[in-house]
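Listed features, source Swiss-Prot:
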- Leu161, Gly165, His166, Leu167, Glu291: (6S)-5,6,7,8-tetrahydrofolate binding site (BINDING)
- His272: site 'Plays an important role in substrate specificity' (SITE)
- Lys273: N6-(pyridoxal phosphate)lysine (MOD_RES)
Amino acid sequence: MSGNAESTAYRSALEVIGAVEPRVANAIRAELTDQRESLKLIASENYASPATLLAMGNWFSDKYAEGTVGRRFYAGCQNVDTVEALAAEHARELFGAPYAYVQPHSGIDANLVAFWAVLADRIESPALRRAQARHVNDLTEADWFALRRELGNQRMLGMSLDAGGHLTHGFRPNISGKMFDQRSYGTDPETGLIDYDGVAEAAREFKPLILLGGYSAYPRKVNFRILREIADSVGATFMVDMAHFAGLVAGKAFTGDFDPVPHAHIVTSTTHKSLRGPRGGLVLCGPELAEQVDRGCPMVLGGPLPQVMAAKAVALAEARRPDFVDYAGRIVANAQALADGLQRRGAQLVTGGTDNHLALIDVTGYGLTGRQAEHALLDSGIVTNRNAIPQDPNGAWYTSGIRVGTPALTTRGLGTAELDATAELIHTVLSHTAPGTNADGTSSKAKYVLDPAVADRVGKQASDLLTGFPLYPAIDLG
């Protein structure tokens, strides 16, 4: 697409939107300005291509399409069938998976589809066979009650939150924690690395239905072959949530034992983050679970979002291009440059570095909480997010860590030299930030003190760093 075409498309769109609700158009313009001027280091964020973004803004939004390709509950879905089939084809080819389901609206929806597919395969189907019933509607009230009780009495083993796991992996505040009896595995307290022997021991003791791999804040590769062996040893279904690192799998930065697709029974992902697509989810699996996953609607989902599936098809097609392999490699190289730069300047990193797209800074060495550090960095034009670290003394709200990631800045074209310079900016801000005090004189976990001159200086340096790497350079909104 030419630059003139992109600018014309977005100017026209904002003109149409602004004629109805100018405040929305102004917010869209302001968001582009903010993203252009900030060092975006949130590991779960990226920049989708103009083609991907434009694919979401069309009349597919008007169409209901409950069901699956060729088997809809509504007439007139032939064009939705086209884009869903294309998105699924690209996902299968990109990841080397026998089956792909691209309807989930988000990562948690993808996880819920996977959870219930496993429950349907492992618990519901045997119960139907025992009752000589073809469908749950054919069960007696007594059999249905017994099945519901059995479905709600299953176990899941996943990574603990403070070790880098995700809320949707069976933790009580999330619906997954109300579905499963969950137990966590953690990391070695000295190295911060996954303790695979500890995982095996926990699996033997707990005997989970699902062993769940994947993370949102673990800065190292995971050996999925070992986890599959552990799952097999206790008869568990091995599930992997690769939402954070799917782009590294697609781009062949993770291969062999570190590629989850050949090893897991079922894999879930988002389509944004390192995949650089629209906000959405997908599920990959083999033929043994495909029929159950294909029942995502009505099992978990209602109508899909056809406009987002169209954008998924575009983004997944982009990820199949040869240059995406280079992109994935540069994400990792940039993350390692950022981590090395931080450590050379005295920052403490969980696990002492990174193998993937993110690093986790222990900010207690600066005398700060994660919340204080996050806001001080934001004041200085550096966007991060606070994150718990293993055995975090400040809990999940204030935290003791800052998570930084490189997918977005890599998309903009920054390289290892710029990421080393970014490490200097981060260190400067954190070194000049101090805890604030509460009204009663006690030390605050939220308030902080940062000289505005330091924030302004670093903010200008961050802006200068980005000058040579414009975001959406072809788009001029005037």
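The backbone N, Cα and C atoms fix where each Cβ goes, and this holds for glycine too.
What you see is a predicted model, and the numbers here were worked out from it, not measured in a lab.
Max Cα-Cα distance over the annotated (6S)-5,6,7,8-tetrahydrofolate binders (Leu161, Gly165, His166, Leu167, Glu291) is 32 Å. Cβ neighbours within 10 Å of Gly165 ((6S)-5,6,7,8-tetrahydrofolate binding site), excluding its own Cβ and spanning all shown chains: 25. Reduced to three states, the DSSP call for Lys273 (N6-(pyridoxal phosphate)lysine) is helix. Summary: among the recorded positions (His166, Lys273), the fewest other C-beta atoms within 10 A of the C-beta are counted at His166. Look at the binding-site residues Leu161, Leu167 and count other Cβ atoms within 10 Å of each Cβ; Leu167 has the fewest.
It is 19 Å from the Cα atom of Leu161 ((6S)-5,6,7,8-tetrahydrofolate binding site) to that of Lys273 (N6-(pyridoxal phosphate)lysine).
Neighbour density at the Cβ, taken as the number of other Cβ atoms within 10 Å, is lowest among the recorded positions His272, Glu291 for Glu291.
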